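> My structure is below; once you've seen it, I'll send some questions.
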Amino acid sequence: MIPVSLVVVVVGGWTAVYLTDLVLKSSVYFKHSYEDWLENNGLSISPFHIRWQTAVFNRAFYSWGRRKARMLYQWFNFGMVFGVIAMFSSFFLLGKTLIQTLGQMMADSSYSSSSSSSSHSSSSSSSSSSSSSLYNEQVLQVVVPGINLPVNQLTYFFAAVLISGVVHEIGHGIAAIREQVRFNGFGIFLFIIYPGAFVDLFTTHLQLISPVQQLRIFCAGIWHNFILALLGILALILLPVILLPFYYTGVGVLITEVAEDSPAIGPRGLFVGDLVTHLQDCPVTNVQDWNECLDTITYEPQIGYCISASTLQQLSFPVRAYKRLDGSTECCNNHSLTDVCFSYRNNFNKRLHTCLPARKAVEATQVCRTNKDCKKSSSSSFCIIPSLETHTRLIKVKHPPQIDMLYVGHPLHLHYTVSITSFIPRFKFLSIDLPVVVETFVKYLISLSGALAIVNAVPCFALDGQWILNSFLDATLTSVIGDNDVKDLIGFFILLGGSILLAANVALGLWMVTAR
C-alpha cells in the first residue's frame, strides 16, 4: 500500500501551490506583478505540474554543439543507428515482457486455486517462488513509490530520474545545435512527484532539415541515456578499485543496519559493524555470496550437525513428539527460546527425535547430511537435523570475534531485515554507509537511464519513438512509396501497435504491483 502520509503530503502540497497561484492571479493588487515575476523567471504553474525554463545555459549548449564538429557528427551517427535498432527491438522487448507478465498472472491464478483446494504446501511454495522469480527476471517493471519502491529510497529514485532526464535532453540539445536548429532554452519540470527536463527547439528549423538530420536529433536522447547506463555499469564494476584507498573487500560482509523487527536482533544477534564470514558452512566474502548462501539454505533441505553419542546422551532427555499441522515433528516446549527439536537415525537406522539445547548441540561441530558424514571424524557420532516447520531453518551465522548467532526462522526474513555491504572501512572515521549510498545510487541510475532509453524508443504517440519512426519512414520509404498518405498510414498503424503494447504492459504491470 502507498503510505497515506505520502499521499496527504503530495496532494496537500499541490493543492496549496495551485490555490496560491489561483489567488495571486485573481488578485487585483498582485495579478500583474505576479504574472510578470512568473514570466521573467520562466515559471508556469498548472494542476500537479510546475515548469521552469531558462536561456541561461544557451551559451553552454552552443559551445558544446559547435566544438569538434567532425567527432560530434560521428557520435550522433552512432546514436542514430542505435536509436533505429532500439526502436524495432523495443517491440520484441515489450512483447516478451507482456508474455512474462501474463505467465506470472496465470501462475498466481493457479497458485491461488491450488491453495484454496488444499494442495500440499511444498508444491504451492515452489509454484509461488517460481512465478515470483519469473516476474523478477523481467527487464522492464512498473515502479510505484511506496509499493515496490521503498519510501526510504525515494531520494535515490528521483535523483536518478532527474539526472537521466537532464542527460537525455542535453543529447537532444547538442544534436539540434549540431544540425543548425535554433535552441531556445532548457528547462526542468515537476509532474506530481516525478521530475524531468526538456529543451525548447525552434520547430520551423526542425521541420526544414532532412529526415536523416532529424533522426540524429531524435535519437540523441536515448543514445545519451544508453551511454550513461554503460558508464554506470563501468563505475559499479570499478567501485572496489575506486574506493580501494579507503575500503577493502573480499573478507566478508559488514552489517550496516538491522531492522527493529528483525529476528536477528538480540544479545547474541547481529549488530551494526559486525563482519559476517559464514552462513552455515557456506563462506561469505561479499554481498553476492551472502545472497547465494541464503538461496541455497532456503531451497535445500535443512543441514545437520555431528554430535558424539556421549554428548547426545548427556544433553537429551525423555520427550513426547507430536506432529505439527504442516507434517513436521515437534518434541520441545513451544515457548522454549533455547531448545530445538532434532531428528536423527540410531545404529539400527530408526528415526528418533530429541529435544536439545541448540547452542550446545551445534556449537563447534561439523555439518552433515547423514550419519556417514560424521563417521569420518568419530565412529560413535550421529547426524542430528533440526526438526522445524517446512520453510523454517536453523542457520549458524559466524561473525568473529563474537560468538556464533543461531538464527531460527525463514531465511528471507534475514535477507530483508539485515542490510549489508561488501566494503569494509580501513579507518574508523570512515562511514560504513558511504559505499552503500554510492552503490545504490549508481544502480538506480543504471536502471532508470536504461529504462528511459528503452521506453522512449518505443514507437508510441508522444514519445521520442514517434518522431524517430516518422523520420525513419521519411528517410526510407519516400523514394519507394510515392504516396505520402500510404506512408503516413503505415506509420500510424505502427504507432498504434506500439502504443497499445506499451499501454498493455503498463496496465498489467500496475495491476501486478498493486493487486498482489
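Cβ atoms here come from the backbone N, Cα and C positions, even for glycine.
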> Are D108 and W511 on one side of the membrane according to Swiss-Prot?
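Each on a different face of the membrane, per the record.
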> Other than its close neighbours in sequence, what residues sit by the transmembrane segment (4-24), given a CB gap under 8 Å and a spacing of at least six beyond its ends?
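The answer is 30-31, 34, 45, 47-48, 50, 145-146, 151, 192-193.
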> If we skip the immediate neighbours and take only residues 6+ beyond the ends of the transmembrane segment (171-183), which ones have a Cβ under 8 Å from one of its Cβ atoms?
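Distant contacts of the transmembrane segment (171-183): 58, 61-62, 64-66, 69, 72-73, 76, 79, 199-202, 205-206, 209, 213, 216-218, 220-225.
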> Pop the mean pLDDT for the topological domain 'Lumenal' (474-489) in here, whole number is fine.
83
> Cβ distance under 8 Å to H172 (Zn(2+) binding site), same chain, sequence separation 6 or more: which residues?
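The answer is V199, L201, I217, F218, A220, G221.
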> Would you please pick out, from the recorded positions H168, E169, the one with the fewest other Cβ atoms within 10 Å of its Cβ?
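E169, out of the recorded positions H168, E169, has the fewest neighbouring Cβ atoms within 10 Å.
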> Mark yes when the transmembrane segment (226-248) and the transmembrane segment (462-473) have three or more Cβ pairs under 8 Å (sequence separation 6 or more) and no when they do not.
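Contact between the transmembrane segment (462-473) and the transmembrane segment (226-248): absent.
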